[in-house]
Each structure stands twice: as C-alpha cells, then as structure tokens.
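What TrEMBL annotates here:
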TRANSMEM  20-45  transmembrane segment
TRANSMEM  65-81  transmembrane segment
TRANSMEM  93-111  transmembrane segment
TRANSMEM  117-136  transmembrane segment
TRANSMEM  148-169  transmembrane segment
TRANSMEM  208-226  transmembrane segment
TRANSMEM  235-260  transmembrane segment
TRANSMEM  272-292  transmembrane segment
Amino acid sequence: MDSQTNTQLKAQQPANPWTVWLPLAAMALLTIVFYALVPAFPTYGKPSVAGWLTGAWNAETEFEHGWAVPVLFVIFMGMAWRQMSLEKVRPSNLGLAVVLFGLLVYIASVRTIQPRLAMFALPFLIFGAFHFLYGLRVSKHVLFPAFFWYFAVPMPGLQQATNILQLIVTKACYEVGTLLGMKLVHSGNTITSAVDDWNSLDIAEGCSGIRSLIALMMIAAIYSYFTQNKIWKGVFLFACALPLAVLANFFRIFTIIVLAEFGFSDFAAGVYHDWAGLLFFFPIALTGLMLIDRLINRRENRKKVVVRQIKA
C-alpha cells in the first residue's frame with residue numbers, strides 16, 4: 001500500500017474525541033471561571049459578572065426576562081449541534097484573533113469597572129473559540145446563540161426610553177380619543193375625563209410598554225432567525241418589532257380609556273388592566289410579525305403553492 005493511500009485512509013479516520021472536544025471544554029471552563037467565579041468587580045454587591053447580571057434581572061430594570069436567556073442559549077446550542085456535527089472541521093487562526101479581541105474587551109471592562117463590557121465580549125469569546133478550533137463552517141452555527149446573550153444585558157438609557165414611550169402612548173391615546181368625540185384632558189403622562197366621568201388615568205412606567213417591547217424584540221429575533229432564509233429579511237422583520245410593540249401597546253391603553261368612557265372604569269383600571277397585555281399586546285404584535293413574514297416571502301410562498309399543485 002503506497003504512501004498516498006495511507007494518507008487518504010488517515011484522513012478518513014474519525015478524529016480523536018479528546019483532541020476535538022478537550023480544548024473546547026477547557027475554554028468553556030475558563031469562561032465560566034472568569035464570568036461566574038472571579039470577583040472582577042469588587043465594588044458591586046455581587047462582584048462576578050454573573051452576579052452583577054443576575055442581580056440586574058428584576059422588575060426595577062425591566063429585565064425580568066433575562067432569566068430566560070441562559071436557558072434559551074442552551075436550547076439553541078443543542079439545536080445547532082446536529083448541523084455542526086455534519087460540517088467539516090477546518091481550524092482557523094482567525095478565530096484566535098476574535099478570542100483575543102474578546103479578551104481585550106474583558107480586560108478593559110475590569111480596568112474601567114464596566115461589567116456590561118464583559119458581557120459585550122462574551123459572544124466574541126464563544127464564536128472565536130469555535131472558529132479557532134473547528135473553522136467557519138462549524139462556528140457559523142453558534143453566531144446566533146452566542147450573540148443572543150445581548151438580550152440578557154440591561155441597556156443604559158432604558159429609563160429615558162421608558163419616559164419617551166410613556167409620552168408617545170399618552171399623546172396618541174389622547175389624540176385618537178378626542179378625534180372620536182371623547183372629552184379628554186391631557187397633561188404629561190396623564191389622561192383625565194373632561195367631565196369627571198372617571199378618575200384620571202396615569203400612564204406609569206409599567207404601562208410604557210418597554211418591558212413588552214424588549215420581550216417582543218427577543219421573540220422577533222428568534223422568529224426571524226428560524227424562519228428567514230435571507231439576512232435582510234431577518235433584519236427587517238426584527239426591526240418591525242419596535243413599531244408593532246408601540247401599536248399594540250397603544251391599543252391596550254386605548255381600550256382601557258374606552259371602557260372607562262362606557263362606565264366600566266373600575267373594571268378597566270383593575271382586572272382588564274392586568275390582563276390586557278395577553279388579550280391585545282402579544283396577539284396583535286405576533287400577528288403583525290406573521291403578516292410581515294408572509295408579505296416579504298410572498299414570492300416564495302407562491303412558488304410553493306405552484307409546486308404543490310403540479311405534484312397534485
């Protein structure tokens with residue numbers, strides 16, 4: 001048997017599992033240590049990155065959904081596992097450059113006492129490790145799960161965004177209400193009946209829709225990733241989450257005003273207010289996402305119908 005045949009046979013032999021997975025396991029362990037165990041930010045109550053992050057997942061920061069991100073990350077990685085196992089392993093030194101970039105950002109976060117920067121670095125460390133060890137064909141499948149971690153990071157300036165959304169929804173409800181003949185008084189984020197038929201309605205921070213907006217953006221990102229076959233379609237569908245969230249929140253608040261006008265102010269401000277999100281916000285927003293999906297994929301849908309008719 002000649003040397004060329006021996007080389008081909010060696011290339012066909014499966015790689016040693018220890019050689020394939022041990023480096024990745026080592027990198028994963030190091031990441032867990034530096035993010036969950038190392039007290040990199042001693043000035044915070046919980047000095048590790050994970051401690052700071054979980055401490056920020058509460059109602060005050062409007063980021064209670066953050067607890068779902070680690071679970072979804074594991075699920076997405078499990079779903080990507082099959083595709084990754086079918087790809088050819090071609091290690092690339094470009095991945096090492098990505099890892100080094102992530103490390104530099106992490107070091108900068110420690111030096112500047114900015115844990116958000118450490119979370120900014122995490123996706124680059126995950127993607128870079130896979131790219132370095134297995135190549136682009138494998139690492140491309142971890143791009144979405146890795147950068148999905150950004151939905152777990154509380155955004156700076158969220159309070160200002162909440163105030164803006166409060167004013168937008170209050171103004172919109174007032175304008176539409178007066179256009180339909182309702183006698184309303186608008187002041188800041190408060191709407192009152194001009195004839196004192198019902199108590200004033202304060203559009204509080206929780207009614208601004210910011211929490212539902214972030215949750216909808218997370219849902220839109222997942223929906224776009226798993227349903228769209230072109231990047232621009234996924235980006236467009238994801239961008240539509242913002243106007244859809246504002247529109248759905250408007251309907252939720254406006255129906256409360258309508259019920260109050262018809263004499264059901266106690267019910268509107270109580271039970272209906274607590275459940276209107278499930279009745280209006282998410283059904284309207286999710287239906288809007290599906291309609292936009294059908295609109296931007298109408299040509300592909302027509303081709304599928306034609307193919308099915310021909311087969312029939």
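Each position is counted from 1, following the chain as shown.
Positions of Cβ are set from backbone N, Cα and C atoms, glycine also.
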Subject >> Spatial neighbours of the transmembrane segment (148-169) far in sequence, C-beta under 8 Å, 6+ residues away >> reply: 53, 56-57, 61-63, 65-66, 69-70, 72-73, 76, 116, 119-120, 122-123, 188-189, 203-205, 207-210, 213-214, 217-218, 221, 246, 249-250, 253
**OP:** For the transmembrane segment (117-136), name the stretch out of 65-81, 93-111, 208-226 with the most CB-CB pairs under 8 Å.
**Re:** 93-111
Subject >> Residue numbers, six or more beyond the limits of the transmembrane segment (208-226), whose CB comes under 8 Å of its CB atoms >> reply: 62-65, 68, 72, 144, 148, 151, 158, 161-163, 165-166, 169, 233-235, 237-238, 240-242, 244-246, 248-249, 252, 277, 281-282, 285-286, 289, 293
Subject >> Outside the transmembrane segment (93-111), six or more residues from its ends: residues with CB under 8 Å to it >> reply: 34, 40-41, 117-118, 120-125, 127-133, 135-136, 139
